[in-house]
Structures are given as C-alpha cells and as structure tokens.
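Colleague: The structure under discussion is supplied below as structure tokens; questions concerning it will follow.
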Amino acid sequence: MNTKDLLSISDLSPDDIGRLLSDAIELKARGWNSCLSGKTLALVFEKPSLRTRVSFELAMKQLGGEALYLSPAEVGLGKREPVADVARVLARFVDVIACRTFGHDTLVQLAKYADIPVINALSDLEHPCQALADILTIYEKKGELKGLNLAYIGDGNNCANSLLLACAMTGINCRLASPEGYLVDKAIFAKAKAYAEDSGAELYSGTDLKAALRGADVIYTDVWTSMGQEAETEKRLKDFAGFQVNAKLVSMADKDAIIMHPLPAHYGEEVDREILECPQSVIFDQAENRLHAQKAVLRDMLGGLEIGGRH
Ligand code: CP
Ligand code: NVA
C-alpha cells in the first residue's frame, strides 16, 4: 500500500482495499507462517478492548512476529510524557505501532513523530481496521460488493465513518439512518461522495429509517454510547428511541439481509439480543475477520518476505 500509516480507511486506495481483501482471504486459508519473523508490534491502548487487542496480538504471533501490549495505565500518552516522545522512543524498539485513543489528533502526532508505521486501532473519529473486517465479511457472505445495499442504523460514530468511506470506495450503496444531531460527520460524508463518483455507490445520510432499510442486503448497527461518552448515556437513550435494530426494523430489509455489529453490543439499546442470536446475524464471523484483515495489513505494511512466497 502506498501509505506509511493507516489512520483513516481513506489512507488506502480502493485498489489497496481490493488487494488487502484477497490477501486476507489467502491468509485466512493458510493459517500460520513466518513472514513477520523478527518484527515487533507495540499496542498502545487508552481504552479497553477485546477483539482489537487479541486479533492484533495473534496476527503477529501467527505471522512469526511478536506484540507488546501497553495498557492505559502504563504509557500515559500525553500525560506521563508527550506523544512526540512516546513515538520516537517506541520507534527505536519496535517496527509498527497500533494505537487506540480518544482524540484522533493523538494518532496524527504519533504518526508524525514515529518513523515507523502507525495503525489506528480505534479513535473517536475512525475505526479503519473494523471497516476492513466488515467489508471482508460482507464479501464472504454475499460473494460481491458493488451494488449491494447496506443500511447503517444508529450513531454516526467512528465505525460509521470508516464503514461509509469503505462502502463508497468499494461500490456498496450505504444508507445511514440516525436521529437528528447524530448524523455522520459532514466532512466524511463529502469525502465519501467523492469516492462514490468513481465507484458508483449511492449514499444517504438522514433520519429516515425506511429509506435506509428498503432493499438492504446488510443491516449494521453500533452502540449509541461509545467509549468516552458514558456521561451522555441517559440523553442518548432518549434521543435514539425508535432506532433499535429489532425484528420490526429487520422486517423492513431484504429477507436475506445479514445483520452486523462490531461488538461489544449494548443489548436492549441499539439492538435486541434475539436479533444478534438469529441465523441472519454474522457477528462472530465478523469478529473473527478482524484477525485475518489485520494480518493482511501488517504483512503489507511490514513488507513480510516469505521464501517462495509472494511477499
Ligand atoms: N470491535 C472492536 O473494536 O472491539 P474491541 O473494542 O473489543 O476491540
Ligand atoms: N463506537 C464504539 C466502537 C467499539 C468497537 C466505541 O468507540 O466505543
């Protein structure tokens, strides 16, 4: 890929996404290999994680490399020491950094001062690794991307931003329905529109649930209260009333629609438990695909060479 860092899904080109998807499929079929032997990843996390941490650690291990997890209490990004110093110290020790943070600018600063690749493992603005796994899952389930209809129901948050861009780049029609005040970021929507001109994707962002769900092949939702927004929980519960993905909403989509969620879910809020337990739900395949998609990213970024292999 033609980028040092992966801070936004738009750091990748549509061609990069296509190649990463086929690499992820290949790596998923092959399992373990040693292409990243001798390479080390530092995971710098300011927020909790299950999937992202485990999938990054295992991705390195299964490709012959190592990962070091640095918890919020250890590093104190910008508190115990400046982000610029953390970046330059880590760059002397490891080959790549994956960082989960609050403000996206922390990632921008890390990437600026580290002369090694920096990967966004979730910020308040984007979750690009999630979007790659999402697109991989959609491709596996539907056998195509271009022309599919995806309905995103809920908060116009980090996952929505990356997913919208990824859909626009790959030709998936993306329709986001959110309550007033929680629509997807205008600048991200404009950026997605520009990609859609090339890919032919149709995009919608508004409050109309029916417009989003009509003919949907994929129904996607995420929490109403993201990490760091806990103080707003009560207000959000009121504001999002009617936007829960439940049997009634699912019946408005295509009968073969798959149901997706990045997890963890706040059951009884953005989704009811039965819906994520039903046969249309692909949430655990989606979670597993974090591993395969990130292996492809890490191998590409670190130029993993395999004897007799393509990389
Ligand atoms: N979907 C996701 O990023 O999960 P974690 O917060 O558990 O890493
Ligand atoms: N929007 C959620 C995603 C968690 C994977 C959050 O930022 O908390």
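Backbone N, Cα and C atoms are what each Cβ position is placed from, and that goes for glycine too.
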Colleague: Of Asn158, Asn161, Asn289, which does TrEMBL put in the L-ornithine site with Asp222, Ser226, Met227?
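Modeller: Record check against TrEMBL: L-ornithine site with Asp222, Ser226, Met227, extra candidate from Asn158, Asn161, Asn289 is Asn158.
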Colleague: Which candidate from Arg92, Arg100, Arg273 does TrEMBL annotate alongside His127, Pro128, Cys129, Gln130, Arg290 at the carbamoyl phosphate binding site?
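Modeller: Among the candidates, TrEMBL records only Arg100 at this carbamoyl phosphate site.
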Colleague: For the recorded L-ornithine site formed by Asn158, Asp222, Ser226, Met227, name the remaining residues of the chain with Cβ within 8 Å of the site's Cβ center, in chain order.
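Modeller: Near the L-ornithine site, beyond Asn158, Asp222, Ser226, Met227, sit Leu122, Asp124, His127, Asp155, Asn157, Cys159, Val223, Gln229.
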Colleague: When the Cβ positions of the binding-site residues Pro128, Asp222, Ser226, Met227 are compared with the atoms of ligand 2, which fall under 6 Å?
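Modeller: Once distances to ligand 2 are taken from each Cβ, Asp222, Ser226, Met227 fall under 6 Å.
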Colleague: Given the binding-site residues His127, Pro128, Cys129, Gln130, Arg290, state which is nearest to Asn158 (L-ornithine binding site) when distance is taken between Cα atoms.
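Modeller: Checking each of His127, Pro128, Cys129, Gln130, Arg290 against Asn158 (L-ornithine binding site), the shortest Cα distance is to His127.
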Colleague: Note down the number of other Cβ atoms within 10 Å of the Cβ of Asp222 (L-ornithine binding site), including every protein chain shown.
Modeller: 26
Colleague: Could you tell me which three-state DSSP class Arg100 (carbamoyl phosphate binding site) falls into?
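Modeller: DSSP assigns Arg100 (carbamoyl phosphate binding site) to strand.
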Colleague: According to DSSP, which of helix, strand or coil covers His127 (carbamoyl phosphate binding site)?
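Modeller: Looking at the DSSP assignment, His127 (carbamoyl phosphate binding site) belongs to neither helix nor strand, so coil.
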Colleague: Find the shortest Cα-Cα separation between Arg290 (carbamoyl phosphate binding site) and the binding-site residues Asp222, Ser226, Met227, and name the residue that gives it.
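Modeller: Closest candidate to Arg290 (carbamoyl phosphate binding site), judged by Cα separation, is Asp222.
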